[in-house]
Structures are given as C-alpha cells and as structure tokens.
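**Q** Okay, handing you the structure first.
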Amino acid sequence: MVLFPDRRSSDEENLGVDWVIRYRFDGADTTSAIEEFRTLIRDLDEAGLRTQVRHGNGSSLLVFVNAPRERLGHEIFKSRVKDWLDGVSDIRPVGDSQTVIDGDTEAEELRSVHHLVTGRKDDGGAEVTANRGKWKNITACFPLHSPNANRGLFRRWSRIRILEAEDLDGLRALFGEKVALYFAFGQCYGFFLAGAAVFATLSWMYYGPYSIGLSVISSLWCIVFVEYWKVQQTDLAIRWGSRGAREAKVNRLHNVWDKGSEGHETTLKTKEIYQAEKQLLRQLPQFVFALAASLIIGSLVLVAFTVELLLSEVYRGPFKAFLDFLPTISLALSLPTINSVLNKAAARLTDYENYPTEAQYEVALTQKTFVSRFITYFLPLLLTAFIYVPFGDRIGPSLDAAHLTWLSTRIPRHIDSRRLQQQVISFVLMTVMLQFRERNFLPRGAQISFMKYLHYLPDRPADILHPYRRSNSSSLLLIDHPEESGFLSRVRDETEASVRDVQDNLLEICVQFGYLALFGAAWPLVPLVFLFLHWTGFRSELFKTIMERQRPAPLRTDTIGPCLRILEFVAWMGCLSTAAIVHLYRRDVRRVELWSLLLTIFVAEQFYYVARYFIRSVLQKIGSETIHREEARRDAVQRRYMETFSEEAAELCRVYKPRVRFNEIMDVMIETNRRDSTAASSECTHPSKDETEDGNESQIPQKISRRTNTDLLRDAEKSTRFWSWYQTPQETIEAGIKLIEAISVASRLGRSSGSGQVTPKKAD
C-alpha cells in the first residue's frame, strides 16, 4: 500500500511550501491553545518566515512555512561561511552581510530552512521542535516530499540492483548526506555478507561448526569490512564536499547552561558555559544503568537456564520435546520488550547528562542504546558459552550443598556442548523475525489501520457546526478549497506517516554484525540468514523512504557516526570470542585448561592488532581515485600559495560542484555538461570517477524533463493564490483562532454524537 498516491495532476505540487508543522490541541483548552498558536506564529515570523494555516486531521492545525528567497539565500550564504570557518570547505565565500545565493541542491536549501525553523533564536532561528521543550503539542515538523523527484528515483530503482555513484548523489541531493551515507553503507554491508555467506556455507558443508579455518577467515573478513568502509565513507565525503562536517559545532537547543555566563573580551559575545564537574557527575549514573541492566538480564537468563535444565533433565511428562525449548523461546520473545524499556531509560539518561552539542548527544545516546542491545541480545549467549556450558558440571555439587540431593541425582554432571549452538540458532532466528516485523508489519499495519479509521469518520464538519457556527468564515475554514484539496490531502497523509531515523537501522546492522563476529563459529549459517534479511529489508527501505515515511530533515555528516566505533569494538571482541569458543568447543570442554584458554585469547588479540595494522595500511595505500585527487589538489593549492601569496592562488580551490536542483520543472536525474571555465580550475577539478587522467572534459549522463511555459505559469499562479490568503502573521493568527474555536465546537458535538474526531471536507 502506497500512502502517498502517484498523482500526475497539479495537485502534486508543493505550492511553495518548504516546511510543515502540525499543531494538535485536543488535550488543551481553547484559551491556552490559542495563546500557544499565537506564540508559534510570532516566533516563525521573527525568524523571517512566511506562514499559512489550514485544518488538519482531527483537532489539529497545519502550519505551512515558506522561507522568502532573500531570507533563504542569505541563510545559505551564512552556512557556507560557517563551513569555511569550521574547515569543512576551503573555498572562502565572497560576499557581505547582504549576500543572497542559491543552494546547489534541494537538500542544502531545506537544511537552511530546518535551521531557521528549529535553530536557536540567537542564531536567527525560531526554536520550534516537535515534542520537545515547550512545544509538546507540536507532533510533526518536517519537509514535504518532492513527488516529481521521488518518481524519478522510483523508476530508477525499479530497473537497477546496485546503487551507482550517481544514485547516491541523487539521494544526497534529496535527503542529505546522512541518509545517502546509510544507503551506501547498507549496500557495502550487503556485499560483505554475501562474501561471508559463501565461505560460511562451504565450511558448514565440509567442516561443520567450530572450524579453525572459518574462524580465521571470518575474523579477517570483519576487519577488512570495517577498514574498507572507512575508505569508502572518506571517498563519499570528499565527493560531496562534507569532509569534516561532523566536527562542526552545533549547540543543542534544549541544553541547560549554568546561570553564570561570561562574555568574551574581544568579540563581546556571550559564552555559554557548563561546569565540567557537573557534567562528570551527571555521567556517572550511566555505569549504574549498565550494571543494573546486566544484573536484570543475567537474572532472567539464570531463571531460564534453571527452568530449561529442570524440563530437559527432570521432566518426563507430555509435550516434553516442545517444553524443552520453551524457556529459550520465551527469553528470546521477551528481549524486544526489555530492549524497548532499556532504550527509553537510555534516552532519559542522555537528556539528564545535558550534552552541549548535537554531535556529543548523538554519540552518547547511540552508545547507551547499543550497550542496552548488547546486554539484551549478546549477554545471554556469552553466559551460555563461557559459564553455563563449561561450568555446568558444578551444578550438581551445588545442589548437594543446598540439600537438594533428590534433584542433583537426576541432573547430569556435564551439559551438552550443543546447547550453545541451539541457543545461537534460536536467538538469530528470533532476531531476524523481530527485525522483519518491526520494519514491515508494525509500521504499515499501524498506518493502514489509521487511514481506515479516518475513512469511517464523519466527513461533514461544516454541517455538524452549522447550527452553532459563529460566522460563515469559521465554517468555510473547515472546507478545503478545490484547488488545494489534493495537496492538503497528501500533506495530511504525510503527517500521519511513520518516522524512522537511519541511526536505528545502523544499530540493527551492528547487532547483526555482532552475531556474526561473536558467534558465527558456533553456527556458520549466521551470515546466510542475515543476508536474506538484509537484502529484502534494504530494497524495501529504499522505497519506503520515498513512499511511506515522512521526509527526514536533510542533515549533513561525513561518517556513520558512533556506529563506526561500535563496529570496531565488535570486530575486536569478535576476534577474541571466536578464538575462545573454537578453543573450548572444538574438543571436550572438560579437558580445556584455563591457562591455554587465556593464552589463546591473548594470541587472538595480538593477531587482531597486527591484521588490522596491515589491512589498514594496504587499504590506505591503495586508497581511491577521489582521495588521491583530493590530496593532489591540496598539494597544488599549498604550492601555489607558497609561491605567490596572492588572491589569484585561491582560484585553485574553486572546486566544481555539479548543480542538482529539484523543483517543479526538473526530475531527479538531470543532464549537465561540465566545462572548465579557466585553466586554473582545470588543475583542481572536483573528484569524480568519470573523470579521465588527461583532464579531458567529462559528461555525467542524466535526464531532463521540462514542462511547458503554460504549466509553469499555472503552477506559479496557484502558489501565489495559496500564499495570498493571509498576508500578515496577524491574519494567520486570527484564522488559526477561528479554526481552533470551530474545531473545538465540532469536536464536542462529534463526541456527543458518538464520533470524537473532525475531518476536513472537500469543497464540491
């Protein structure tokens, strides 16, 4: 089911809307809702943004935001100046405080709009965020999808199986670097899984579990994957001009600073400070959180092991074959609920720690989330591998000491080593089913149910309100204008669409990678199972991003963030765990000496460091064509500066950036011819795989679909009429007040008649 229909009429245009804010007031009284709405419009107006208001689903308003060209162009110029000051770009922008420029991509323009809407007021923003701070009643704050561009991507992805560099460029131009990097990483991970699945399947067929050869190859393959991705993400960051973007400081809007702030002597700018001692004290509870979570999970695992032991070795009643696996299955099924609770606790703990920048907050939250998932998914298997099975022969003597001789005589003195493999299979299959359900069935089922619920609601709010209406204008506000009805219907659908951060998908991949690295030796078919899950989910993720989910804010980054360090940690721990598991379970566990196990772990760790050093050195030596060109370009710039110390030398730094615009006259794939304007710029051309070594002119195959001038004029007239309804913020506020009062009355009447919602009505 596609929630956003493929309308080929003029209804698909966005009418100049850059951002949409949904304000719900069903839980507030009319007076407070009016006052909060008035504050919202005034904050947006102070940020230099235009607004329009329409009726949303239920007791909600849709606030449409538009950034005027001068305001948006100046904000784009300021962002490029900041990039130059932060070292993200070595191109010094030329201009002054009144300079207005266009963005290279739609994502760049929307990123500036995002800053104007959600940024701090000191930086020119409106400080409007969804479900945070004082805006608890704002349930959605997002940019609209571009139907024309989405259709271009949809047609392109329907014909290909592998994303090329140009496809990633299109994703980056529409959704920003963060989303594009995720899809590049997902494809790289899929190739890694395919190679690992081939080796693992062959090893399973000929050698079975706990193979030394497979363990060595698997450990090396994990190291190669992590180091190779580092080179790939550097290549993409250089290609997109975002290298170093993650290091740029962006202060958190909801950070709490100390009351005592100091001004800088030279800049006279107030510097917000927060004492390091307070920050450290606030971070200490995270260790208590990890310890408490470990104890809870460990206790559950102990209970499950005890019940399983009793059922398998003592119970002789009916359904024994099924009951033997019941504790393991119950434990696996309870993991998502436990993980959800731990994730909420991690989010609250991260908010309490009060990080000053967005990057620090994201790192802390991602690390805590992974720790909770590590404890949830991996701790039970680690306890089984290194405590339950190796020391199972001591359970009987412990029961004797507890005066439970009748039970100890029935329990064997040695636990079957196959129990580890059985638990790995159970946990892997359960993880696959749960991730598949979370990605496909739960979001889609919730959306379909909500759409059907809206379909059965009464669709004549104006008729319900008619006997009690205060004015004709209040009643007319609840009826969609025929020219806007299709557009407003699509916007209301998008406000109800699911929201998913790519960081959650990256953490799911980290969990899969952890199963493979830590326990792949026990069940070699782990990569094959995850390969099936990944490729089915990855392909659907591409389409759901443009068809069934809210458009994410086009955030910029040059790396997958803290997940890269998580992958490095998992690869290191996987090397140690694989060596220990093979050493323990390749032969009788009871014959393994402690000193030999510790020696094996020590040798495995040294093997990891040596292998990582050589693999990293080789990959960095080989590098990529883009990285080599960037290094050559920087060397040329430095030499020219050293030779001339003149402004003419800066021309070498003027890197060509292909201009990719997504608007009402252009599809996502655009035909452009690149020509060198000067001899100096040809010496330092933008890195591209299509570029030849002799510096000849290259062309990027793209497609143009232009529309007639009549269509453009008609769309321009519609957009003008849409934004001419309310010329000033005060008119928008008055219209919103009338809507709130009208919807409140209609909602009360609807509840008294058995329906508690109000839905908009299309004009005849």
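Placement of Cβ uses the backbone N, Cα and C atoms for every residue, glycine included.
What TrEMBL says about a protein is an automatic prediction, not a curated fact.
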**Q** Taking 319-338, 419-438 as the choices, which stretch does TrEMBL tie to transmembrane segment?
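**A** So the range that TrEMBL calls transmembrane segment is 319-338.
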**Q** Any residues 6+ beyond the ends of the transmembrane segment (287-307) with a Cβ under 8 Å from its own?
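**A** Answer is 326-328, 330-331, 334, 338, 342, 345-346, 349, 368, 371-372, 375-376, 379-380, 383-384, 388.
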**Q** Which residues, given as numbers and ranges, are at least 6 beyond the ends of the transmembrane segment (513-538) yet have a Cβ under 8 Å from it?
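**A** Answer is 186-187, 189-190, 193-194, 196-197, 200-201, 203-204, 209-211, 214-215, 218-219, 222, 374, 377-378, 381-382, 385, 420-421, 424-425, 427-429, 431-432, 435-436, 439-440, 567, 570-571, 573-575, 577-578, 581-582, 585.
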**Q** In the same chain, who gets a Cβ under 8 Å from the transmembrane segment (594-611) while lying at least 6 residues past its ends?
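**A** Residues 219-220, 223, 571-572, 575-576, 578-580, 583-584.
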**Q** Please indicate, using numbers and ranges, the residues of the same chain that are 6 or more beyond the transmembrane segment (179-204) and have a C-beta under 8 Å from a C-beta there.
**A** 162-163, 168-169, 171-172, 211, 213-214, 217-218, 221, 225, 228-229, 232-233, 236, 240, 502, 505-506, 509, 513, 516, 520, 524-528, 530-531, 534-535, 538, 541-542, 545, 552, 554, 557, 559-560
**Q** Is the transmembrane segment (319-338) packed against any residues at least 6 beyond its ends, judged by a Cβ distance under 8 Å, and which are they?
**A** 296-297, 300-301, 304-305, 307-308, 311-312, 376-377, 380, 422-423, 426-427, 430-431, 434, 438
**Q** Sort out the residues at least 6 away from either end of the transmembrane segment (374-391), same chain, that have Cβ-Cβ distances under 8 Å to it, and list them.
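**A** Same-chain residues near the transmembrane segment (374-391) but 6 or more away: 290, 293-294, 297-298, 301, 304-305, 331, 335, 338-339, 342, 415-417, 419-420, 423-424, 427, 431, 511, 514-515, 518-519, 522, 577, 580-581, 584-585, 589, 592.
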